[in-house]
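Heads up: the structure comes next, in structure tokens.
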Amino acid sequence: MSSDEAAALVDYYSSHQTNSYCALASAVLFFYECVITFTDEVNLFWSQKLTGASALFFLNRWAIILYGVFTLITGFTSNTISPEVCPRIAKADLVIGLLQYFPWAVFSGLRALGVTRNWPFSVFILMLSFVPFAINLSAFHFHPTGMVVPELGCVYTEDMSEQTAKILTIVSRVSLITADVLLGLATWYKLSAGHKFGRMKAGTFAYTLLMDGTIYFIALSLLNTLHLVLTLLSFGTQHENVSVVTDFTEPLTGVLVSRFLMDLQSANRRALNTDSSLYDSPGDGPLESIVFERVVGSLASTISVPGEDEGESVHGSDPDGSGSGTAVHAGSEGETLVVEEVRRRSLRSGDSEWDAGEPGGGVGKY
């Protein structure tokens, strides 16, 4: 064996070990997050009827748990996997890893729809967010398989050149960065109407959407940019991943989405237990309601921003997550009326009909 071949072999082993350690660390990180938030998860989602919001939460949670468990099991048993089973393990790893991208893309699309109520823009964000899913799915075109390597066990391989991998990484990460930037700008633009940041109450739906959305945007934009830069500057071997940043980006994305959904669910519960405005002053002017689709449960809460004509419809979500709601018109004082809790209590007291003084109806689908 020549010195060059020996050096390449050492690089390959080193690269594989680094990837394995990063995958292990990221899996442990997400499992730790699941443990410390388990109580909140039970209180916010397990005790409620299944809605779109809870389904999205569980899909995000369990897709990453499944991938993490699969990674840990195959990682610790890699040396015992036979050459016949190894190719199937490698393809299963690719498929299970793809499941993570679905809830993230859907969540981005729903956020865009809730903030802008603009279907073309929301579909565009959804398509951009699905680009990584499509690109990773295209790996099947490059004949993914597994091979047993001495001392390393079963490892994933494919017929993809380093240059092709870089091009696909550029397309994937630029799409995600673009979606995050557009969604972040749309959120700040919508919620900055009237320049009422100083009077926006902490814990409200609008505040949660703004603050959590900003954290989500900054964290993932930095990670995606870092992954893109390291990929372009890398000088790895053919079998070396150009960047291991995605080993951490994926579980961190899952953590951020889970926290985002839990915060939105908490804000929704608080909104259903108060009839106060989202702002400290009830006379701040006309309000605009920003509403997610009824099917997504806690994401159907109403957040209000000054800047629209009076008479804009304001919708509330069903506190039990069943999806029913009642629409009322904003009053002349510009306050958001949270009426669903009153309606529920009235029905409990035996009233078969309930009249809020305004025409009622189900929450509209936008």
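Numbers run from 1 along the shown chain.
Placement of Cβ uses the backbone N, Cα and C atoms for every residue, glycine included.
A quick note: this is a predicted structure, and the numbers were derived from the prediction, not measured.
As recorded in TrEMBL, the features of this protein are as follows:
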- 21-39: transmembrane segment (TRANSMEM)
- 21-66: domain 'DUF6533' (DOMAIN)
- 59-82: transmembrane segment (TRANSMEM)
- 94-113: transmembrane segment (TRANSMEM)
- 119-137: transmembrane segment (TRANSMEM)
- 170-189: transmembrane segment (TRANSMEM)
- 209-233: transmembrane segment (TRANSMEM)
- 304-366: region 'Disordered' (REGION)
- 340-351: compositional bias 'Basic and acidic residues' (COMPBIAS)
Grab the same-chain neighbours of the transmembrane segment (170-189) for me: Cβ-Cβ under 8 Å, and only residues 6 or more beyond its ends, written as numbers and ranges.
108, 111-112, 115-116, 121, 124-125, 128-129, 131-132, 135-136, 209-210, 213-214, 216-217, 220-221, 224-225, 227-228, 231-232
Kindly report the helix/strand/coil residue split of the domain 'DUF6533' (21-66) according to DSSP, in that order.
40 helix, 0 strand, 6 coil
If you average per-residue pLDDT over the domain 'DUF6533' (21-66), what number do you get?
90
